[in-house]
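Peer 1: From Swiss-Prot, for reference:
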BINDING   HIS557, HIS562, HIS749, ASN753, ILE899  Fe cation binding site
COMPBIAS  271-280  compositional bias 'Basic residues'
DOMAIN    78-200  domain 'PLAT'
DOMAIN    203-899  domain 'Lipoxygenase'
REGION    252-287  region 'Disordered'
TRANSIT   1-40  transit peptide
Amino acid sequence: MLKPQLQQSSQSTKALIPSWNTNPLFLASFPINILNKNFRLKKKNNFRVHHNYNGASTTKAVLSSTEKATGVKAVVTVQKQVNLNLSRGLDDIGDLLGKSLLLWIVAAELDHKTGIEKPGIRAYAHRGRDVDGDTHYEADFVIPQDFGEVGAILIENEHHKEMYVKNIVIDGFVHGKVEITCNSWVHSKFDNPDKRIFFTNKSYLPSQTPSGVSRLREEELVTLRGDGIGERKVFERIYDYDVYNDLGEADSNNDDAKRPVLGGKELPYPRRCKTGRPRSKKDPLSETRSTFVYVPRDEAFSEVKSVAFSGNTVYSVLHAVVPALESVVTDPNLGFPHFPAIDSLFNVGVDLPGLGDKKSGLFNVVPRLIKAISDTRKDVLLFESPQLVQRDKFSWFRDVEFARQTLAGLNPYSIRLVTEWPLRSKLDPKVYGPPESEITKELIEKEIGNYMTVEQAVQQKKLFILDYHDLLLPYVNKVNELKGSMLYGSRTIFFLTPQGTLKPLAIELTRPPVDDKPQWKEVYSPNDWNATGAWLWKLAKAHVLSHDSGYHQLVSHWLRTHCCTEPYIIASNRQLSAMHPIYRLLHPHFRYTMEINALAREALINANGVIESSFFPGKYAIELSSIAYGAEWRFDQEALPQNLISRGLAVEDPNEPHGLKLAIEDYPFANDGLVLWDILKQWVTNYVNHYYPQTNLIESDKELQAWWSEIKNVGHGDKRDEPWWPELKTPNDLIGIITTIVWVTSGHHAAVNFGQYSYAGYFPNRPTVARSKMPTEDPTAEEWEWFMNKPEEALLRCFPSQIQATKVMAILDVLSNHSPDEEYIGEKIEPYWAEDPVINAAFEVFSGKLKELEGIIDARNNDSKLSNRNGAGVMPYELLKPYSEPGVTGKGVPYSISI
């Protein structure tokens, strides 16, 4: 039986004593540069690791013919860069002279005679040939016989420009090659004189760290934490925390550009990465904004990525397409005059005359959106027909589809079981009016044809609700003061039919007291057997759908995946060494999340950005997500099984698959999600149990305990005193915590992100804002007459304006897009995992189970008994299929939140 961490693969790259070549001619051909015994890492005033190397004290040794040693070759793979500048010429000269990349090999263990670190072996790497678009640098070393295993390599980049180092392979050891995976930007020594540290691919708990690199391990973490002083520079890798205080312009004379600070007692929020930008002059709690938003260097989108990389497409749409649209649609309140005008977005397009010199680049980056019409020489924004309307153009109009999408649409996280009757608000009635709902027992029983009583329906788990009443009601009067948005608190009741589908029964819209008017509320039902009632129902649905769209984007998507994950990333880099096995397990799940979040703060969720200008809360959008965080977010309930239980959609049952019995058997998101959850959990279980075979290793792991403490007390510090935080004392505790995190970054995010264009690209299906009040709310005689004469126009006026709709459609298109280099879960093994045969085998099982899930989902989508994912014109539910081709496909589960 393989013992944890001890058994080695026959192809392991573990660095052992090299094979010795004692030929004196061979030895004499290799100079050895050995660092002095005082080789140290000093903490400078910014706490960056500094490797004290004095060239004058370094000796160039030539071994005698009796002194055993061997020559090894290190090959450094560097990815070619674009956007090169004038310093390239100087760097080319340095490459020719062989003085551009300096390496040190560091021994894994201390000198057993002296008890101190062994001298490092130094050599310059010379530029070699280019291979598959990468550049190889080669260095020759002579390794003394008593050097032992390689523990790390230090790099000094003597170019004037940073370089992206992919890996280093050292060949010549008797037991095979040593591989060191880097995948990191190495700064120029002209920006920062400190050397970079890269550890070997073997993972170690802190207590098992080889003695020769234990100090490097600790000091590298000190470097990554920084000292919290000053504005961060583009080449730095410092991870620190700050509140969301950069969404508005605190120094602006326009109050409409200012936003409150999110994070703290009044508006609790997760923390973001600290940039160190100067504070506002008028509000010292706020940070000034700038065009450059710092993220640690390795978190940024790589400039060597494909132009089709999703980050580039988002940037292009935000900074070129959206401004061009705004210049064309001069009236921001102009709606669509008729439904054919909406259809024209997909077959005629919108002229974009203002692209100018950005045009050629946009054709390459967003070819789905920007089309050149050759016969007219016009550039147009031409949308592709979303999958929903390709299958059934009128599906958005039907109640059965409205209900189905609560289980198999963009936002499957909001539907809840009704457990009490009658419905009551928990808000203060002195402020918001009577708490009792107007949805009566009689109405419900009438809508279900007296099939059963309300009491029986509640007892038998037949009633479900979309409840945005108490969350939205405190913001109704604030939002209604804004131009172009009309808000209500809403409740929508559904009935679970014998066929396993949901049937909408009633919508209640509520306005709290305002000025001298009392609370207003009204209930609408789909079976008002007259034309007026039918149109009122469609208008009420438009309001509810705008609420669900806003909640989806602000809470289910932004808050619960992007925003809440950033503290996990910061804590992991500050507290877990790069050689820690848990860091290496989590790392693929964190790629590019901080950069996409920074881009969101710059132009999506900022004051007057795309979200505020196009979704119903307007300037209160992100503030509303703070309210939801304070009232609803719990780490323990981010785990899919616990989330389903908390919403009444499942109960624990050991006799059922996944240990849960679902309240709605045909619940596509839950059905597929639970299979994926179990696959992730088994992978995490195998991984954790391998590195923590004894329970006491969890509590004694100082890095792990510091990591979890920092997540709870700093990253999510506004929730630090909550009793629901899991303990971290056993391997099972760790398995639960890690599985929850990786589920959020993979399955949860995929479920709420990659179907956005398919479901919401045709905006009548998912309007982001309702711009007009209900015709029955305090109407004048003229208003009522207009509605009675032009109900279709009333619905169109309620929908988003032309600029709101097209901006959101363009953004949703790129957010739903998979880049050609997308990294899907279980597709490729990480080099660190492949290093260990036990983890390698566990990954093969993980990958195989994910391929099986593909087949399971296909079979379910072809099962005619599953009406929530199969039927005439029904979109199959594929959002949790693990793999996808590039483009807008409505499927595919990447490791990380990179879009």
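Cβ atoms here come from the backbone N, Cα and C positions, even for glycine.
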Peer 1: Compile a sequence-ordered list of residues in the same chain as HIS562 (Fe cation binding site), six or more apart from it, whose Cβ lies below 8 A from its Cβ; state 'none' when nothing qualifies.
Peer 2: THR593, ILE596, ASN597, ALA600, HIS749, ILE897
Peer 1: Checking distant contacts: for the region 'Disordered' (252-287), what same-chain residues at least six beyond its ends satisfy Cβ-Cβ under 8 A?
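Peer 2: Sequence-remote neighbours of the region 'Disordered' (252-287) are 228-232, 239-246, 293-296, 299, 563-564, 566-567, 570, 594, 597-598, 601, 607-608, 619, 622-623, 625-627, 629-630, 714-719.
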Peer 1: Would you mind splitting the region 'Disordered' (252-287) into helix, strand and coil residue counts from DSSP?
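Peer 2: In the region 'Disordered' (252-287), the DSSP-based counts are 3 helix, 5 strand, 28 coil.
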Peer 1: As a quick check of your reading of DSSP, tell me how many residues in the domain 'PLAT' (78-200) are helical, how many are strand and how many are coil.
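Peer 2: The composition, in the requested order, is 14 helix, 62 strand, 47 coil.
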Peer 1: Between HIS557, ASN753, ILE899, which of the binding-site residues has its C-beta surrounded by the fewest other C-beta atoms within 10 Å?
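Peer 2: Ranked by other Cβ atoms within 10 Å, the binding-site residues HIS557, ASN753, ILE899 bottom out at ASN753.
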Peer 1: Could you name the residues, excluding HIS557, HIS562, HIS749, ASN753, ILE899, of the same chain that surround the Fe cation site, i.e. Cβ within 8 Å of the Cβ centre of those residues, in sequence order?
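Peer 2: Neighbours within 8 Å of the Cβ centroid, excluding HIS557, HIS562, HIS749, ASN753, ILE899: TRP558, THR561, VAL752, LEU815, ILE897.
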Peer 1: 10 Å Cβ neighbour count around HIS749 (Fe cation binding site)?
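Peer 2: Cβ-Cβ neighbours of HIS749 (Fe cation binding site) within 10 Å number 26.
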Peer 1: Through the lens of DSSP with three states only, how would you label ILE899 (Fe cation binding site)?
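Peer 2: In three-state terms, ILE899 (Fe cation binding site) counts as coil.
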Peer 1: Would you mind pulling the DSSP three-state label for HIS557 (Fe cation binding site)?
Peer 2: helix
Peer 1: Mean pLDDT for the domain 'Lipoxygenase' (203-899), as a whole number?
Peer 2: 94
